[in-house]
Amino acid sequence: MDARAREAAETSGPGLPLAVRELLAGGVAGGVAKTAVAPLERVKILFQTRRAEFHGSGLIGSFRTIYRTEGLLGFYRGNGASVARIVPYAALHYMAYEEYRRWIILGFPNVEQGPVLDLVAGSIAGGTAVICTYPLDLVRTKLAYQVKGAVSVGFRESKPSEQVYKGIMDCVKTIYRQNGLKGIYRGMAPSLYGIFPYSGLKFYFYEKMKSHVPEEHRKGIIAKLGCGSVAGLLGQTITYPLDVVRRQMQVQALSSSSLVGRGTFESLVMIAKQQGWRQLFSGLSINYLKVVPSVAIGFTVYDSMKVCLKVPSREETAVAVLAEERSNTAPIPSS
């Protein structure tokens, strides 16, 4: 941005730097969206990781099992770690997206202003956020995987189910004690392989869909919810098998998985051979129910928070960045 535009962006709003306001907007959006779909996220993880107690029980049956054995709070098991992860993750993700977008425009002023720019900036931002917050995602999965109390397995008698970790800190300490730093980042490779296309496609489809909405309706909540829903749906469908691989790698120590020590794509092939290709899409229907409101709520809350915190729009940012580039490259008039 030029000096005047930068100063206006930095000082407008509640007296906070622009980057901090972007972090706040992203963090709030992530926390609200994640909590709204926590029960579906819990069941999806149990399906992905093939808990015997939930195999073939379906969505409603799984809800009943969780409620019977763990009560209402069982639907939110692991959500503390999930929110603890998603708030910094979403904050970094959205802020990094805005920053990378500005850097690309500044570094390549001739680049086309459109969804392709959002695809590139979103992909890099997603990778940045994953690397910074992955340990909390691992903890969230391990806490959600364990089931408290006795559960019924088919026609067999109820049996106690293991509860290895007592909470977030206990989980982190146990993982580090048993496997060191490597254990804390187990399964990050498929996360990165998945997040680069998913994050990029999510921003790409969102901005692409918004570009087809009439200008007078573009800032409405309904339009944002609709565009966000389609963006999340398409992005998740394309990258979902890698999410299944990641979950199974994360809980392999608890489930005696044959994936121990194997790479991402080797694990992908093994799951398809041993568990069937359908397992690569296990929980996808639940994920559709989760992703549609989650991404829609996330984008809507983020855009609304940007308005409340007076964060410049992407169009205003692009104009300011290009103005700065022109001012820096303008020839100095001769005296």
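Every residue, even glycine, has its Cβ placed from backbone N, Cα and C.
Annotated range for transmembrane segment in Swiss-Prot, selecting from 12-32, 96-116, 159-179, 306-326: 12-32. According to DSSP, the repeat 'Solcar 1' (17-103) comprises 76 helix, 0 strand, 11 coil. Between the transmembrane segment (280-302) and the stretches 119-139, 187-207, 225-242, the greatest number of Cβ pairs separated by less than 8 Å involves 225-242. The average pLDDT computed over the repeat 'Solcar 1' (17-103) stands at 84.
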